[in-house]
Ligand code: GRF
């Protein structure tokens, strides 16, 4: 059997994408293993979900370090100990700096709830609705030093539901949970 790809998921929020990826690893849709959940928010719901799923959690609070370099060096040490090959961002609310970008060239992936390059940054679904667009969507992309700017790997359109943020977010999440694992599968198998 081909060896499993070792991944670290980075998340700061509720963790529904983390759960979808974990499930795909468990049921074999994704030939990968989550070595660790990295979070900057120990109180986030994603941490509770990781505990329930028996996935190791490492909390790194940026405030405990003097700079982004020091913060990322501490994370990098943990990733190296765990022999992690890919970093998977799933609602991680920070920009990635040079320490991690240099250590994982073209091996950091993010998912964003819009059709990039439209509506990068925070509150992408709200931005789309305020703009009055009728179709928005989901983008999976490689991470570079910018905010949601790296090379696009996959996109899928999602209709805006009644100009409503909650209903549209629900539709977007449903698409995310499938698109992320499928895109990661292609990446990990070089397709
Ligand atoms: C997702 O919409 C993702 O696109 C964005 O952050 C959200 C995370 O949701 N980057 P969840 O925490 O995985 O439920």
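Heads up, the Cβ atoms here are built off N, Cα and C, so glycines get one too.
Just so you know, TrEMBL annotations never went through curation; they're auto-generated.
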If TrEMBL says 68, 93, 94, 95, 96 bind (6R)-10-formyltetrahydrofolate, which of 54, 110 does it name for the same site?
110
Once near-sequence residues are set aside, which residues in the chain of residue 16 (N(1)-(5-phospho-beta-D-ribosyl)glycinamide binding site), 6 or more away, have Cβ atoms under 8 Å from its Cβ?
173, 176, 177
Residues 68, 93, 94, 95, 96, 110 [recorded (6R)-10-formyltetrahydrofolate binders]: greatest CA to CA distance in Å:
19
Rank the recorded positions 68, 94, 112 by the number of other Cβ atoms within 10 Å of each Cβ, and give the residue at the low end.
94
